[in-house]
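Annotated features, as they stand in TrEMBL:
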- 108-113, 160-163, 195-204, ASP230: FMN binding site (BINDING)
- ARG320, THR556, SER617, ARG618, LYS623, VAL624, TYR625, VAL626, GLN627, ASP660: NADP(+) binding site (BINDING)
- ARG476, TYR477, TYR478, SER479, CYS494, ALA495, VAL496, TYR500, GLY510, VAL511, ALA512, THR513, TRP698: FAD binding site (BINDING)
- 102-246: domain 'Flavodoxin-like' (DOMAIN)
- 301-542: domain 'FAD-binding FR-type' (DOMAIN)
- 44-65: transmembrane segment (TRANSMEM)
Amino acid sequence: MFTLKATGRNFVQSPKHSALCMTMADVEAESSTQPEAMEEENPLFSNLDLFLFTLIAGLIIYWFMSRKKAEPIPEFKKLDQPAPSTRETSFIEKMKKTGRNIVVFYGSQTGTGEEFANRLSKDAQRYGMKGMAADPEEYDMSELSRLAEIGNSLAIFCMATYGEGDPTDNAQDFYDWLQETDGELDGVNYTVFALGNKTYEHYNAMGAYVDKRLEELGAKRVFDLGMGDDDGNLEEDFVTWREQFWPAMCEHFGVEASGEDSSIRQYELKEHNDINMNKVYTGELGRLKSFETQKPPFDAKNPFLAPVTVNRKLNKAGDRHLMHLEVDITGSKIRYESGDHVAVYPTNDTAIVNRLGQILGVDLDSVISLNNLDEESNKKHPFPCPTTYRTALTHYLDIIHPPRTNVLYELAQYATDPKDQENMRKMASSAPEGKALYQSFVLEDNRNILAILEDLPSLRPPIDHLCELMPRLQARYYSIASSSKVHPNSIHICAVLVEYTTKTGRLTKGVATTWLKNKLVADNGHKSTVPMYIRKSQFRLPFKASNPVIMVGPGTGIAPFMGFIQERGWLKEQGKEVGETVLYCGCRHKKEDYLYQGELEEAEKMGVITKLNVAFSRDQEQKVYVQHLLRTNKEDLWRQIHTDNAHIYICGDARNMARDVQTAFYEIAEELGGMTRTQAIDYIKKLMTKGRYSQDVWS
Ligand code: NAP
C-alpha cells in the first residue's frame with residue numbers, strides 16, 4: 001500500500017511530464033524512435049511495452065489515489081469532532097427526549113399542509129398531550145415502526161396531492177419508501193388528512209394512498225381519512241374533520257380536554273437595536289447575502305436572480321394585460337426542458353405593506369428575530385431572521401390570501417370590542433353560524449388581513465404576533481414558454497395580470513402577476529431581476545419526433561406549446577423526421593388577444609405547425625371553443641390518435657376547459673372508434689397511463 005501511494009504521488013505531482021499527460025501523438029513519436037535498439041538486444045519487453053505498462057500502472061495508481069481522497073473521514077475523527085449538522089434525523093429519539101407522543105408529518109407544496117400540521121401539533125396541548133410537526137424529508141421515515149415504543153402515541157399525516165396525483169417534493173422519498181417497504185407497522189396508530197382539489201383527475205390520491213398503505217403495513221387507523229377540497233372550502237373541511245378528530249382521540253387515549261385554548265405563542269420576539277446590518281436578511285430564502293454573491297446550484301432555497309430582458313404586452317386591445325417576459329439565465333448553469341415550470345418568488349405590494357405598518361402603528365424598519373420557544377425544533381424561526389418587519393411583510397409572508405380561521409381565532413384576543421372578539425372566535429368554530437360568517441365575511445368578500453384590520457377598528461394585534469401567524473409567501477409556477485434547444489440562456493413566461501374588485505369595493509391585484517408586470521427591463525438604470533428556479537415536469541414531447549402531437553391550449557394555456565413548437569422547428573432544422581404538429585388554441589377576439597399571432601402564423605407557414613386551429617370565442621354570437629374545433633376535425637384526430645400514435649397535450653384552465661376537452665375526446669372515441677362511453681373513458685385513461693395524454697392544468 002505504502003509503495004503504491006509513493007509511486008502514485010510521483011505521477012500526480014509531476015503531471016506536466018508524466019505519462020498520464022501523454023497524448024496519442026506522443027506515444028506514436030516515442031515508439032517510432034526505438035526500433036533498432038529493440039531488434040539488437042531483443043529484450044523481454046519492448047520500450048513500448050514498458051511505456052504502456054507504466055501508463056496503465058500509473059492510471060491504476062491515479063485512480064486508486066483519487067478514490068482514496070474521496071473516502072469519508074476516518075471513524076476516530078468523527079468521535080473527536082462534533083457532527084457537522086446538529087439536525088436530529090430520528091424523530092423517535094426526538095419525541096422521547098422531549099416527551100412528545102404525537103407527530104404530525106406533512107407533505108406540503110404550497111405551505112397549507114405544513115400549516116395544518118402545525119395547528120394539529122399545537123392542538124395537542126389542549127388535551128394534555130404534546131405534539132410536533134415534522135417534515136418527512138428531514139427524518140428517517142423507516143423508524144415509523146418504532147412509534148409503538150412511545151406510550152399513547154399517534155402519527156398524523158397531512159398529505160397534499162400535487163400535479164397529476166403526485167406526492168409533493170418533500171414527501172417523494174416517504175412515498176418511495178412506502179412503496180418499497182414490507183416492514184411491519186404493528187402497534188402504530190395513525191390518521192390522515194388529505195389536501196387536494198376536486199377539479200383534478202387524481203383528487204387526494206396521495207392522502208388516500210398513505211391511508212391505505214399504512215393499513216396494509218399493519219398500522220392501526222384510529223380515525224377516518226379526512227378529505228380537504230381546495231376547489232370548495234379546504235379550511236372548512238379541515239376544521240370540521242379536526243373538530244371530530246380530537247374528541248375521538250380523547251376517547252381513544254382516555255384523556256379529557258383541559259379547556260385551555262391553543263392561543264400559545266410559538267415564537268418569542270427579540271428586538272435588535274444595535275445590529276450589524278450585514279447580518280440582517282433582506283429577502284434571501286436560505287444563505288445570508290445569497291442575493292449578493294450568487295452561487296450555483298440554484299433551487300427553491302437558493303433561487304437565481306435572473307435579469308429581465310423582455311417584458312412586453314401581448315394583447316393589442318381590451319382591458320386586460322397579457323404579457324410575455326424573458327429572463328436571462330446565462331452563467332447560472334440552470335438547465336431546463338420544454339414543458340418544465342419556472343418558479344418565481346414575488347414580493348408584496350409596497351403600498352399594502354406600508355398601510356399595515358401605519359394601521360398597526362409600528363416602525364417597519366425595526367430589526368427583529370422571532371425565535372422558536374421550543375429549542376428542540378428544527379425550525380428556529382418562522383422566516384429568515386434577523387430581518388425587518390418590512391422585509392418580512394414584503395418577501396416572506398402571504399398578506400394577500402384571506403386568513404385562515406386559526407389566525408382569526410388567535411388574533412381575537414386583541415379585539416377590544418367584545419362583539420368583534422366573539423365573531424372572530426365563532427368563525428373558527430365548526431358551528432354552522434360560524435362557518436357561514438367566515439364564508440361570507442372572509443371568503444366571499446375576499447378580505448385579506450389589511451381589509452380585516454380596516455373593517456374591525458377594535459382589532460389591533462401586535463405586529464410580531466401577526467407575523468408569527470401569517471403563512472409564508474410561496475413561489476409561483478409558470479409553464480415555460482420557450483425551448484432550451486433554441487433559447488438555452490433564456491426562459492420565457494406568458495401570463496395574464498390578475499385584477500378584480502371585491503364585494504367590498506376593494507381593487508385586488510394578483511401578487512405575482514402585478515409584480516411581474518412591474519418588472520421593467522431597465523428600472524432606474526438598474527436591471528430588474530426575478531428570483532427563480534426550475535421545477536421539472538412530466539409534460540414532455542414524445543421521445544420519437546416522428547410521432548404526431550396534438551396540443552390544446554386556449555388563452556395563456558398556449559405557454560408550454562410555444563416551447564414545443566420551437567423545439568419541433570429546431571428538430572426539423574436538424575434534419576429529423578418530425579410528425580404532424582397540430583395546435584388548438586383560442587382567445588376572446590382575433591383583433592384583441594390572439595396571443596403570439598405572428599409567431600404562430602409564421603410557424604405554420606414554415607410547416608412547423610402542420611395545422612393551426614384558433615377558436616375566437618367572442619367574435620360571433622355563439623361561443624366557439626377549442627373543443628368545438630376538435631369535434632369539427634374528428635376524423636383527422638381519430639386517425640392521428642388511433643392509427644398514428646399521436647401524443648395529446650392539454651394546458652390551461654382545469655375547472656372547465658380541461659374537462660370539456662376531455663369530454664370531446666370521449667365523444668370522438670365513441671363515434672369513430674365505435675365505443676361505449678365507459679370504453680371511451682377507459683381508452684383515454686390508457687393513453688394517460690402510456691404518457692400519451694398529458695395535462696398541465698391550473699385552477
Ligand atoms: P382566457 O383568455 O380567459 O380564456 C381563453 C379562451 O378560452 C377564451 O376564448 C375563453 O372564452 C375560452 N374558454 C372559456 N371557457 C372555456 C371552456 N370551458 N372550454 C374551452 N375554452 C374556454 O384565458 P386566460 O386568462 O389566459 O387563462 C387561461 C387559464 O390558463 C387560466 O386558468 C390560467 O391560470 C391558466 N394557465 C396559465 C399558464 C401560465 O403559465 N401563465 C399556464 C397554463 C395555464 P370566453 O372567455 O369567451 O368564454
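Along the chain as shown, the residues are counted starting at 1.
From the backbone N, Cα and C atoms, a Cβ is placed for every residue, glycine too.
Here the features listed in TrEMBL are placed on the structure.
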residue: GLY163; record: FMN binding site; contacts (Cβ under 8 Å, 6+ apart): SER537, GLN538
residue: TYR203; record: FMN binding site; contacts (Cβ under 8 Å, 6+ apart): THR161, GLY196, ASN197, ASP229
residue: ARG320; record: NADP(+) binding site; contacts (Cβ under 8 Å, 6+ apart): VAL496, LEU497, ASP593
residue: ARG476; record: FAD binding site; contacts (Cβ under 8 Å, 6+ apart): ALA343, VAL344, TYR345, PRO346, VAL511, ALA512
residue: TYR478; record: FAD binding site; contacts (Cβ under 8 Å, 6+ apart): HIS341, VAL342, VAL344, ILE493, CYS494, ALA495, ALA559
residue: SER617; record: NADP(+) binding site; contacts (Cβ under 8 Å, 6+ apart): GLY586, CYS587, ARG588, LYS623, VAL624, TYR625
residue: GLN627; record: NADP(+) binding site; contacts (Cβ under 8 Å, 6+ apart): ASP660, VAL661, THR663, ALA664
residue: TRP698; record: FAD binding site; contacts (Cβ under 8 Å, 6+ apart): GLY652, ASP653, ALA654
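With a cut-off of 8 Å between CB atoms and residues at least 6 apart in sequence, the same chain places LEU497, VAL498, GLU499 near GLY510 (FAD binding site), listed in sequence order.
Close contacts with ligand 1, defined as a Cβ under 6 Å from any of its atoms, occur at SER617, TYR625 among the binding-site residues GLY111, GLY163, ALA512, SER617, TYR625. Each of the binding-site residues ALA160, CYS494, ALA512 was scored by how many other Cβ atoms lie within 10 Å of its Cβ, and the smallest score goes to ALA512. Residue density at GLY111 (FMN binding site): 15 other Cβ atoms are found within 10 A of its Cβ, drawing on all protein chains shown.
In the predicted model, residues of the domain 'Flavodoxin-like' (102-246) average a pLDDT of 94.
A C-beta separation below 8 Å, combined with a sequence spacing of at least six in one chain, links TYR200 (FMN binding site) to THR161, GLU164, GLY165, ALA654, VAL697, SER699.
Counting only same-chain residues six or more apart in sequence, the Cβ atoms lying under 8 angstroms from the Cβ of SER108 (FMN binding site) belong to GLU114, GLU115, ALA117, CYS158, ALA160, THR168, ASN170, ALA171. For LYS623 (NADP(+) binding site), the Cβ neighbour count at a 10 Å cut-off comes to 13, with all displayed protein chains included. In the domain 'Flavodoxin-like' (102-246), the DSSP tally of helix, strand and coil residues is 65 helix, 35 strand, 45 coil. Around TYR625 (NADP(+) binding site), a 10 Å sphere centred on its CB holds 18 further CB atoms from the protein chains shown.
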